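Taken from Swiss-Prot as is:
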ACT_SITE  H133  active site, proton acceptor
BINDING   N64, R119  CDP-choline binding site
SITE      E129  site 'Increases basicity of active site His'
TOPO_DOM  84-93  topological domain 'Lumenal'
TOPO_DOM  151-160  topological domain 'Lumenal'
TOPO_DOM  208-222  topological domain 'Lumenal'
TOPO_DOM  282-293  topological domain 'Lumenal'
TOPO_DOM  340-346  topological domain 'Lumenal'
TRANSMEM  63-83  transmembrane segment
TRANSMEM  94-118  transmembrane segment
TRANSMEM  126-150  transmembrane segment
TRANSMEM  161-179  transmembrane segment
TRANSMEM  191-207  transmembrane segment
TRANSMEM  223-248  transmembrane segment
TRANSMEM  266-281  transmembrane segment
TRANSMEM  294-316  transmembrane segment
TRANSMEM  330-339  transmembrane segment
TRANSMEM  347-376  transmembrane segment
Amino acid sequence: MGLAEGLAARMAPHLYIQEPLSAQQLKKLEEHKYSASGRSLVEPPMQVYWNWLVEKVPLWLAPNTITMVGLLLNVLSTLILVCYCPTATEGAPFWTYLLCAIGLFVYQSLDAIDGKQARRTNSSSPLGEMFDHGCDSISIVFVNLGTIAAVRLGTLPGWMFYCCFVGMFMFYCAQWQTYVCGTLKFGIIDVTELQISVTVMFLMTAVCGPELWDYEIPFTGLPMKTIPLLGIIGGTVYSCSNYFRVILSGGVGKNGSTVAGTSVLSPGLHIGLVLLLALMIYKKSTTNLFLQNPCLYTLAFGFVSAKITIKLVIAHMTKSEISLQDTAFIGPGLLFFNQYFNSFIDEYIVLWIAMVISFADLLRYCISVCLQIATHLRISVFRISSNQAAEQVQTQKQKLTD
């Protein structure tokens, strides 16, 4: 057992960590085989870079370690920017935007090669697939934060709310689609295109300053930030139309159900509840809670979204039902009931409490599920074990890819 796993195991009793997966789920997990189809627009040229990059990685480095390093760089660089721009209306030093560009590009690169490293070292396992998607669900929250801060979307409150939550929704829908049809489907415009576009946006802000996005587009009267907004809207329409075409066409289960034999619409309740609570609390706040604290607000709900997305990924891999009852909703619930009782506690204080609870709940769940799966498969989370799980990769793609 590695240092990180050993530390997590020693912390487990103090964090009240329980094993979240049943014996039946673990058995189904062993039988899971990764299946993906399609390719995005920039993937072919990027494959050349990814194949070159993975050859530079030492064989002793575990795939999950690669992903985690990328995620930490992405998160830390975004948090530095957020410290300068807590309301997404401020400017920040040029190096913070440059740092975000580097952090996101490094994450994209490392996230793209972790699967290649797993196959290269014969260390592919269901844990790696779950870990990869789990990191993506957290990264998307911070990509949203970096985007609104870089283009100063705080000057357009309604659009800022949209951009904060639409990324979480689309990533959840991608996993929802997989839960229905059993195959992860990549579109022409997908997450790689999003990450590269946001990286370019960070670089433009670093070179030209955040004032760039406030300049007026000639003959339109619209600010420059309208351009990335239109891109986000177009991407949302394109991606969601693809997702829901698959979802509404019926699943691979009995009578067109999901892989778990449940209704294809049932996962919509979870993300729907997150978005509904976020919107209601935003609109009903007497202190403009979201407008005054958009980054903190997004984190509080983003951690909830990340957890339910991870649980949906696991539900797909274990062919099991995803329950609506979840401790992830405690934080948003506190905000809702505080408003219901006329905000007898300062909303800002409750928001901090909700964010801490949501983060702690996500951390507890991630640690417990990783340790449980690793123990069951007799592998290490952050090291390449001598006793690795058997290769369980079945791909319909014609090249190596995640």
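Just so you know, glycine gets a Cβ as well, placed from its N, Cα and C.
Here the features listed in Swiss-Prot are painted onto the structure.
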residue: N64; record: CDP-choline binding site; Cβ neighbours (10 Å): 29
residue: R119; record: CDP-choline binding site; Cβ neighbours (10 Å): 16
residue: E129; record: site 'Increases basicity of active site His'; Cβ neighbours (10 Å): 24
residue: H133; record: active site, proton acceptor; Cβ neighbours (10 Å): 22
C-alpha spacing of R119 (CDP-choline binding site) relative to E129 (site 'Increases basicity of active site His'), in angstrom: 12
Annotated stretches the transmembrane segment (161-179) and the transmembrane segment (63-83) touching (3 or more Cβ pairs under 8 Å): no
Selection from 94-118, 223-248, 294-316, the stretch that has most Cβ pairs under 8 A to the transmembrane segment (63-83): 94-118
Beyond the flanks of the topological domain 'Lumenal' (282-293) by 6 or more, those residues with Cβ under 8 Å of it: 86-87, 154, 157, 161, 335, 339, 343, 347-348, 351
Recorded stretches the transmembrane segment (294-316) and the transmembrane segment (347-376) touching, at least 3 CB pairs under 8 Å: yes
Within the topological domain 'Lumenal' (282-293), residues counted as helix, strand or coil by DSSP: 7 helix, 0 strand, 5 coil
Cα distance (Å, whole number) from H133 (active site, proton acceptor) to N64 (CDP-choline binding site): 11
Chain residues in Cβ proximity to the topological domain 'Lumenal' (208-222) (below 8 Å; excluding those fewer than six residues from its ends, i.e. six or more beyond): 91-92, 94, 97, 150-152, 155, 228
Integer Å distance between the CA atoms belonging to R119 (CDP-choline binding site) and H133 (active site, proton acceptor): 17
Cβ contacts under 8 Å made by the topological domain 'Lumenal' (151-160) with residues that lie 6+ beyond its boundaries: 85, 87-91, 201, 205, 210, 213-214, 223, 225, 228-229, 290-291, 294
Residues of the parent chain within Cβ reach of the topological domain 'Lumenal' (84-93), under 8 Å, 6 or more residues beyond its termini: 148-149, 152-155, 160, 209-211, 291-296
DSSP residue counts for the topological domain 'Lumenal' (151-160), split into helix, strand and coil: 7 helix, 0 strand, 3 coil
Tally of residues which DSSP labels helix, strand or coil - the topological domain 'Lumenal' (84-93): 1 helix, 0 strand, 9 coil
